[in-house]
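Below is one structure, written out as structure tokens; the observations come after it.
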Amino acid sequence: MALTQTVLGFVVLAVCHCSKHSQDIPGYHDLLKQGFSKLVTRESDQYVLDRYDVRTLIQRMVSAEALLSRKETGLDLSAANISEPCSVGVKLLEDGLQQRSLWAIKMLDSFFKIPSGVLDGDIIWPGQYDECIKINQAFNDRLTYNMTFLIHGKYFLAALLIPVDLIKTNLSMRVGLCLPDVCDKTDVRELLEYYLGILFTNSSSKYEVNSVSHPETKFERTPEFIIASVICSVVGFLLLVGTLYDMFIYQRPENSDIVSGRFNKPEIEPPILNSDTAHLLSTSSQGTLIHRVLHNRKLGKFLLTFSISTNGSKVLSTEAPPPTAVQAVNGVRVLSMSWVILGHTYIFLISNFKNLIPVAPELIHRWTFQIVLNAIFSVDSFFLLSGLLVSYLTLHELEKRNGKINWLLFYFHRFWRLTPTLMLVLLVYTAYFQYWGSGPLWPPRSPDYDQCSQYWWRNLLYIQNFFPLSEECVAWGWYLANDMQFYVISPLLIYPLYRKPLIGYILCFALILMQAIYRGIISVNLKMTMNSSTNQEKFFDELYQRPYARIAPYVVGVVTGFFMWKSRRQVRLPRCVALLGWVIALGCVSAVIFGTTHENRGHKNSLSVDALYNSLSVLTWSLGVAWIIFACNTGYGGFINTFLSAGIWSPLSRLTYCAYLVHPVIMFMYSLCQRYTLYATDINMIFLFLGFWMCTYGVAFFVSMAFEAPMIGLERLLLKKQSS
């Protein structure tokens, strides 16, 4: 049976965590490269086994347990150059094994074992993390020190590099070890190199220890932790006070003066004399102060912006949008976000697949799995929606104000809408992530802590997509950078369309043509297949995240919004023309998604065919989705418009931005908390996708209540104050 497309390549990229992180934890950029890699090999199973001597490798690794458990092997630990305390600890472990002590047996039981399914790609052997860290044994040393000391189990995860000539890289086999806590990472490295030297004495290849990590979380008062704690405390206090104020003062019937806007009631009724509360409400200055504070109009409005009750009811409202709203947008937005989560479910978990070798070709050969492989087009749908709404709403403002608009306010609104929530999520993620889980794969800090500590300011300026993806903090924010950059230049397209449509058309066509040419050239230079390249680093840096490679969907959205504004959404089309439009649109989106099936089944296309697909696929997808939205807003959507415009999409649509920000964090938490590798089946992946989807929107709601909704309310207060 042939090992067809992506088998060995998927294995290497999924388990070879040769990232720049000191703890060998994959960052978002590594996961992207792993998930979309489509390397091809046509060697038979038997040829691969013979060429890399896999059976001999397994036999030698099996004997590693004997080296640790048998005293008569004659190992000289002094040759391993380990520290004296660790040498004593290992000696105690050896003696305990000889005496069949329970603590020593548990420590050995916590070591990695050779599992079944190694030839299917399971080369992550973490051992038993929880059993190891619970081990503690007391020893009495009355002869020398007359004292009692404890030995605790200490877990280590080591990456062993195994050279693979076929793909000119090293395969990283990760193994878990449990040793006495007097040993450190240097001791473990020395022990492993010592044992590897014995196991592979006669091997022509060099097997070495790439890294050793000790997954332990220690509390640290880092600057980001202090800042995040202060901000979260202030926000939490405001949420509590604002919600209580809303529920017990603003919404109470007896406070109708506040509800109607009369916050400053001149007098209150005099209290009953000799009552228990008379002194609190009449002569006490404290009662007067509380009354004045609670009935202060400006303070009341400020507190209401933090009310979870009010904000939650607005976000969770399922009322269908009014006829004047842009139809079908909510449904397209939520389905696109769900598509993003589906694609990332495989990307984040592929490195933990136990059965990667047999399952990878089976999945990739399916025509239905092209939906997962081509999930990158979901982001293009977001660009399209963004351009459409900006164009449509801005043109209405220009028309209302006779071609004049406050462009400073235009930019401020967008920056305020995105930035506070983004930076607060970034801060909380960087400061607190290490405290949210544990396990053999759990990092001491967030997966991209180093990048965030150095380059967070790039996210603030929305320029991170011009730098290598490996340097990006919360790297999935590359989309936000692109969207902000498109928004900045959008007036250069919208205003000409409003004043001189022909000039606007020429500018839009020029940008679309520029993108198509650029993508075609990059595709040829990188010798890309459809949507992928063997040089993943350059593919993501030069094509995937660059604005001039992704601008066509935004431009198509701007033009679509212009057509909807110009026609007042009153378009008369013959029935056959509308039907033809739907056939073409659905044909376009289907061709983009399923057009990769032939090549992913092992049939190589020519370089020019792949370049043509890479050049035009984004534009083709955008045109298909643009027609769907245009038809739904001009009376030709039918049951599709009914479905996409249903009220159920409204609350989920309002949470989409926060969902996009938090969903990779949730996936990091799940994947890094795993104790063992995951056996990938359709049922498992479906349930994981649904679980990620529900958790994402659940967490997004709380993030929206804490960060996003208050910022929107504060902006409204600020703008009303300026206009008054």
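Counting starts with 1 at the first residue shown.
Here the Cβ of each residue, glycine as well, is placed from N, Cα and C on the backbone.
Features as listed in TrEMBL:
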SIGNAL    1-18  signal peptide
DOMAIN    83-219  domain 'Nose resistant-to-fluoxetine protein N-terminal'
TRANSMEM  225-245  transmembrane segment
TRANSMEM  334-351  transmembrane segment
TRANSMEM  371-395  transmembrane segment
TRANSMEM  415-435  transmembrane segment
TRANSMEM  476-495  transmembrane segment
TRANSMEM  502-522  transmembrane segment
TRANSMEM  548-565  transmembrane segment
TRANSMEM  577-598  transmembrane segment
TRANSMEM  618-643  transmembrane segment
TRANSMEM  655-673  transmembrane segment
TRANSMEM  685-707  transmembrane segment
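Mean predicted confidence for the domain 'Nose resistant-to-fluoxetine protein N-terminal' (83-219): the pLDDT average there is 81.
Between the transmembrane segment (415-435) and the transmembrane segment (502-522), fewer than three CB pairs separated by 6 or more residues in sequence fall under 8 Å, so the two stretches do not touch. Contact between the transmembrane segment (577-598) and the transmembrane segment (548-565) is not supported, since fewer than 3 Cβ pairs fall under 8 Å when only residues 6 or more apart in sequence are counted. Within its own chain, the transmembrane segment (655-673) is flanked in space by residues 25, 28, 315, 333-334, 337, 340-341, 344-345, 348-349, 351-352, 418, 421-422, 425, 429, 433, 436-439, 441-443, 446-447, 474, 476-477, 479, 688, 692, 695-697, 699-701, 703-704, 707-708, which lie at least six positions past its ends and keep a Cβ under 8 Å from the stretch. Ranked by the number of CB pairs under 8 Å to the transmembrane segment (502-522), the listed stretches 476-495, 548-565, 618-643, 685-707 are led by 548-565. Each residue in the domain 'Nose resistant-to-fluoxetine protein N-terminal' (83-219) gets a DSSP state, and the totals come to 46 helix, 44 strand, 47 coil.
Here the transmembrane segment (371-395) does not lie next to the transmembrane segment (225-245) in space: the count of CB pairs under 8 Å, restricted to residues six or more apart, is fewer than 3. Simply put, out of 334-351, 548-565, 618-643, 685-707, 685-707 has the most Cβ pairs sitting under 8 Å from the transmembrane segment (225-245).
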